[in-house]
């Protein structure tokens, strides 16, 4: 192998905020709490959806998939990052760095596509309620979820192959908390124009296109809601998609702020913003759905009261053949 090839690097140093060790101790406590909240909140949401028959609908099937993405996404980098906060020098092996970069990119892309699938589900429920059970079948749910996961992981594989074919000239210091693709790309000493083009095209197709589809869905949804004659009917209709809309605003709002804002003079500011996106955002989804969805609130109450625990788990739900529009 040539000395300039990336295989000459067997491990990487993660800078993090080691020049501010006191701040890292504060971040350790905060991130540990957030990580525990992410695991507990999303796991509880998945259990509720599995146990409560009232939550056996496509909307909650996609929500359980979203919770799984949040758990996997944070777990792909958070445990090692927490461990590194307690050390004076943070290192990661090349295979671990490659896997971490692959998973974070794949799961982030999958979440964009899954949010678009959830928006389509809400569009059908509000705008075509009589055809809801016909259009949102169990097979359709599985196909949309599989397409989201498959596309996200295929794109990440392509980006990873393009990146790891670059020469790295022995550079192994990553100015970040974890192996994020843009931070790793900065270590390359060759021509990265193809990588930049591939990332730009993938971002346009897999991030901006789902956002446009989500916006179009909600334009049609709002138009349909405004045609509902009674104020109570409008509130009831909007309540079925308000939680999802809030999650979309938080998710894309954070991404937009992270990538569209002017580059900070202090690179530590950009690292903190990325940390907020990667750690805090996944912990908010269960809270948003718990606070803004009556059916989830009822399921939590039933679970705390012990009612759900007595139900049989012999039939694990995916998507039932007969679905009704949840308006609560």
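The backbone N, Cα and C atoms fix where each Cβ goes, and this holds for glycine too.
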May I ask you to indicate which of 1-20, 101-120 is given in TrEMBL as transmembrane segment?
101-120
Any chance you could find the range in 25-48, 60-81, 101-120, 237-260, 272-291 with the most Cβ pairs under 8 Å to the transmembrane segment (141-166)?
101-120
For the transmembrane segment (272-291), I need the partner stretch with the highest count of C-beta pairs below 8 angstroms, choosing only from 25-48, 60-81, 101-120.
25-48
